[in-house]
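Heads up, the thing below is written out as structure tokens.
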Amino acid sequence: MKFELQTTDGQARRGRLIFERGVVETPAFMPVGTYGTVKGMTPEEVKETGAQILLGNTFHLWLRPGQEIMKLHGDLHGFMQWHGPILTDSGGFQVFSLGAMRKIKEEGVHFRNPINGTPVFLSPEKSMEIQYDLGSDIVMIFDECTPYPADWDYAKRSMEMSLRWAARSRKRFDELQNKNALFGIIQGSIYEDLRDISVKGLVEIGFDGYAVGGLAVGEPKEDMHRILEHVCPQIPQDKPRYLMGVGKPEDLVEGVRRGIDMFDCVMPTRNARNGHLFVTHGVIKIRNAKHKEDTSPLDEQCDCYTCRNYSRAYLHHLDRCNEILGARLNTIHNLRYYQRLMAKIRQAIEEGNLEQFVEDFYQRIGKPVPALSI
């Protein structure tokens, strides 16, 4: 992987990630394909929304179908028939989500398989091996996603262990002679001094990109913004920056304003299945009775397959009848909305008028522009 930084506007960056499997224009949004599928979508449909890179889930694909079945197809690309780049998370967040089912120790994490209850062990080394078999274009180190709230002492212990796990991840990745990219993950909760130690430690180990982890886990937005403003300037300029698990359209805008290049989130797909649809002026809840007789498209400005062909009334009807097609059409629209948003952000950075774009964006959705302290 090669990262080209083309231009900046304030802290915002316009660049490209270049892989053998294709180019990703940044800032980029990555749809989430947890089980080797973006729910309800074919790879061709996902590509048509404008997505250039997907996120796959190491933890879930390891438990089912497993590494051996993946290897029968070559790797995850061959298995799911997505021929662009894939980033895989390391399993750290899923382990964090298991709560009482897991036991975190220095060597790794012991937990019960949520599918059948059998004991399982995941370590930094094992995560690197699974991601190698998946053929991930971007591999994430294995870390502990520090929960929120966490006091300073717990956050410090967690961050320090994540640093040791980062070094072990790097070592195993290199032993496997993996030619793809490996990203470090910055932890430290909402504490700037802990984030400083984490960034410094990761940069010393050396990675192809750096992710900001442990945000969007329940902390106030002001804390997320403050941490991004503090951390991003410390990340080497020539490396891509990835904000994990974020987020709402406003979160993407705010991340870009603070120097983030990459995002992923289940929000567009999950919200689509629940009838929450993103449009130019905010959010439409298609379940509401007011859409029952509305012959207009979801969004006059959207060029997606759904908006070109179907009315709000039809989408309301599909939702009320619990039809699978409704979830699919909603997902196509929401993913296209996110890709259109990123394309407009990239254009605004190129033209040097991102702050004007930000002002217009918030005006349309009826919210104030968050303060920028950087």
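Cβ atoms here come from the backbone N, Cα and C positions, even for glycine.
Per Swiss-Prot, the feature substrate binding site maps to ASP89, SER90, GLY91, GLY92, PHE93, ASP143, GLN187, GLY214. All chains included, 32 other C-beta atoms sit within 10 angstroms of the C-beta of ASP143 (substrate binding site).
The secondary structure of ASP89 (substrate binding site), as reduced to three states from DSSP, is extended strand. Using a 10 Å radius centred on the Cβ of ASP89 (substrate binding site) and all shown protein chains, the other Cβ atoms total 31. As annotated by Swiss-Prot, active site, proton acceptor applies to ASP89.
Annotation source Swiss-Prot lists region 'RNA binding' at 245-251 (among others), citing sequence analysis. Same-chain residues lying 6+ beyond the ends of the region 'RNA binding' (245-251) with a Cβ under 8 Å from its Cβ atoms: 93, 215-217, 221, 224, 263-265, 267, 278, 337-338, 341, 362, 365, 367, 370.
Residues or ranges marked as active site, nucleophile by Swiss-Prot on the basis of sequence analysis: ASP264. A strand conformation is recorded for ASP264 (active site, nucleophile) in the three-state DSSP classification. ASP264 (active site, nucleophile) counts 23 other C-beta atoms within 10 Å of its own C-beta, drawing on all protein chains shown.
Across all of the region 'RNA binding' (269-273), the predicted model scores a mean pLDDT of 98. What Swiss-Prot lists as region 'RNA binding' is 269-273 (among others).
What Swiss-Prot records for CYS302, CYS304, CYS307, HIS333 is Zn(2+) binding site. Just so you know, the Cβ of CYS307 (Zn(2+) binding site) picks up 23 other Cβ atoms within 10 Å once every protein chain is counted. DSSP assigns CYS307 (Zn(2+) binding site) to a helix in the three-state reduction.
Here the region 'RNA binding' (269-273) has Cβ contacts under 8 Å with residues 31-32, 38-40, 327, 330-331, 333-335 of the same chain, all six or more residues outside its ends. Of ASP89, GLY91, CYS304, HIS333, all annotated as binding-site residues, the residue with the shortest Cα distance to ASP264 (active site, nucleophile) is ASP89.
Within the set of binding-site residues CYS304, CYS307, HIS333, the entry lying nearest in space to GLN187 (substrate binding site) is HIS333 (CA atoms). Listed in chain order, the extra residues whose Cβ falls within 8 Å of the Cβ center of the Zn(2+) site residues CYS302, CYS304, CYS307, HIS333 are PRO297, LEU298, ASP299, ASP303, TYR305, THR306, ARG308, ILE332, ARG336, TYR337. Fewest other C-beta atoms within 10 Å: among the binding-site residues CYS302, CYS304, that description fits CYS302. Residues within less than 8 Å, Cβ to Cβ, of GLY92 (substrate binding site) and separated from it by at least 6 positions along the same chain comprise SER127, MET140, PHE142, ASP143, GLU144, CYS145, ILE185, GLY213. Distance from the CA of CYS304 (Zn(2+) binding site) to the CA of ASP89 (substrate binding site) is 29 Å.
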